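J.: Pulled the feature table from Swiss-Prot, pasting it below:
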- Gly21, Gly22, Gly23, His24, Ala25, Gly26: FAD binding site (BINDING)
- 282-296: NAD(+) binding site (BINDING)
Amino acid sequence: MLKVGRDNVDFLDHYDVIVVGGGHAGCEAALAAARLGCNTLMLTLNLDKIAWQPCNPAVGGPAKSQLVHEIDALGGEMGKVTDRTYLQKRVLNRSRGPAVWALRAQTDKREYARVMRSVVENQPNLSIREGTVTDLVLGRNDEVVGVVTHFGSVFGCGAVILTTGTFLGGRIWIGRHWQPAGRAGEFAVEGLTDTLRQLGFETGRLKTGTPARVDRRSVDFSVMERQPGDPDLRWFSFDPEVWVPREQMDCYLTRTTPETHRIIRENLHETPVYGGWVEAKGPRYCPSIEDKIVRFADKESHQIFIEPEGRDLPELYIQGFSTGMPEKIQIQMLRSLPGLERCVMLRPAYAVEYDYLPATQLYPTLMTKKVQGLFCAGQINGTTGYEEAAAQGLIAGINAARLVQGKPLVTLPRESSYIGTLIDDLCTKELREPYRMLTSRSEYRLILRADNADQRLTPLGREWGLIDDRRWALFQAKQARIAAEIERLETQRVKAHDPAGIHLSQLTGQGIKGSATLAELLRRNPIHYADLLELGLGNEELDPFEQEAAEIAVKYSGYIQRQQAQIEQVSKQYHRPLPPDLDYHSIPTLSKESREKLAAVRPLTVGQAARIGGVNPADINALLIYLEVRQRQKTAAAAPVGA
């Protein structure tokens, strides 16, 4: 680690913001900083692998799709690129309520990377350069002032964003064999973890993995279940300019067999985890196939999805089949699956372990607490998934830009968005396994829907400087149309004896007393907006997404209002700031565990304190009472004598 004044270093060049890494977090961070007017440099190991999808070439899914919609609503890029490069789209959980609807897209991995790289390369204020960052340069006040590459080049800056993915101390494993790598064919980064430890950061190890790729020409799809895309297309981006319908490709479903399970059980000792060579925790919600066989021993079979990696590629991704087995055993496992009996493996599956920084060492702005100007985003913070990484990268990029411009840093409260929930969880909870976003992690799912992400966040994106005039005009016009339609639905009435009234009564099995508004009828099951259109009572000038937004707002208005009231009630207490100099060890009414946890995390608000593992409601009440007593004592001490 270099610790010097700015004037004592021979900088090769100087930038406002330097982003270390060119993955999904790095791209969003670099684009955000550059679009906010900062001279930005992205330093990445391999220019040909910008925005690469090293595991599943897919975007979205439960909770993850909400993240992508929110990224787009704030002015990010992931949703646009996905809409331009998808191979297939499906809405998951469609039979359930709108709070958990999830758009998922299979993407063309090479096209996705090519399009995102083009966006990055053509972004004003943004330079990209190939290089491996191995050290940081600190100023006299321990603020970050630059980075050092493997070959000794030094670049100065006002802020650094680390988006290192799985490359920090990365090792990939196939059976008993390993090599230093962040992913297959790419070098690991050594040295940077040592610097972070010297600065006093706690580090740990996590594990993930990716399945084998097989040649589609060697697969028999006729014995598998076809999984086509949805005929009615949906979009991640709220910008109609990127809505281009494309021919969709099929995915397929097969299943593990008793033979698959036998091969795995007999060879568990050959895997890095069960063999005892890797102790790092893997993702709970995306386990290896051997973990599934061990943890769910009573299950006779597991679903395996066969997914294309590209429109012009022979490679198929074997989803749900990641493993660390030796290659010879991997082939046996693959050929035990129906339809893959003669498959040719093009790339073996592997496990990868890497260094990370527990994110309790960050503020919710994603700047580290120990080093001014140093931000972290993506897998370095303990998350798993492209969408989680991109969301963090966007917020880190916004705040790095604001820091160098002398503006106050911004945060998203957990009740505002899935992004806010994600970051709050990371900065508050002690996570010892890769974190994946789930709808169950949000207390406010009905309000944090995919369809209203623009309504919730685009005004913030505009305020922060990432939503241009064209997007803002589109947003305002759309919201005006939806508001007008909701008002029409709440006021237009249908009489009981009208043909439409009779039809709707028969549909619901409930009569109409005199007359009813369209909104009242929409709240009855199973009436939907499509029924109103069929009867000539809908607004055909609205696009289907605007019609749906109006329907959801009306149909769930009571639930939404109750949840909004709950948020407002909780916010009054939970948004109360905690003094930065608060000595938790001196509060005797707190439990010992709570004192230790609060002192370690140093939460910014009462709400953040309440979400720390090991801090119970009684401790929060004790903390609130202590703050009240302290405030009264301060007020009394400040009062004039004799007053």
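One is the number of the first residue shown, and numbering goes on along the chain from there.
Any Cβ shown, glycine's included, is placed from N, Cα and C.
Not measured: the values here are computed from a predicted model.
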J.: Give me the long-range Cβ neighbours of Phe296 (NAD(+) binding site): same chain, 6+ apart, Cβ under 8 Å, in sequence order.
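T.: The answer is His302.
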J.: Relative to the mean position of the Cβ atoms of Gly21, Gly22, Gly23, His24, Ala25, Gly26, the recorded FAD site, which additional same-chain residues have Cβ within 8 Å?
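T.: The answer, listed by sequence position, is Val19, Cys27, Glu28, Ala29, Thr44, Ile50, Ala51, Thr163, Gly165, Gly378, Ala389, Gly393.
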J.: Please report the Cα separation of Gly21 (FAD binding site) and Ser288 (NAD(+) binding site) in Å, rounded to an integer.
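T.: So the Cα of Ser288 (NAD(+) binding site) lies 26 Å away from that of Gly21 (FAD binding site).
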J.: Could you check which of the binding-site residues (Gly22, His24, Gly26) sits closest to Gly282 (NAD(+) binding site), going Cα to Cα?
T.: His24
J.: In angstrom units, rounded to an integer, how far apart are the Cα atoms of Ala25 (FAD binding site) and Ser288 (NAD(+) binding site)?
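T.: Between the Cα atoms of Ala25 (FAD binding site) and Ser288 (NAD(+) binding site), the distance comes to 24 Å.
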J.: Here the binding-site residues are Ala25, Cys286, Val294; which one has the lowest number of other Cβ atoms no more than 10 Å from its Cβ?
T.: Val294
J.: Say you check the Cα of Gly22 (FAD binding site) against those of the binding-site residues Arg284, Cys286, Ser288, Glu290, Lys292; which is nearest?
T.: Cys286
J.: So if I measure Cβ to Cβ from His24 (FAD binding site) and keep only same-chain residues at least 6 apart in sequence, which ones fall under 8 Å?
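T.: For His24 (FAD binding site), the qualifying residues are Ala51, Met78, Gly378, Tyr386, Glu387, Ala389, Ala390, Gly393.
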J.: Once near-sequence residues are set aside, which residues in the chain of Glu290 (NAD(+) binding site), 6 or more away, have Cβ atoms under 8 Å from its Cβ?
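T.: Those within reach of Glu290 (NAD(+) binding site), by Cβ under 8 Å and sequence separation of 6 or more, are Ile264, Leu268, Thr271, Val273, Tyr274, Thr323, Gly324, Met325.
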J.: Using C-alpha positions only, work out which of the binding-site residues Arg284, Cys286, Ser288, Val294 is nearest to Gly23 (FAD binding site).
T.: Cys286
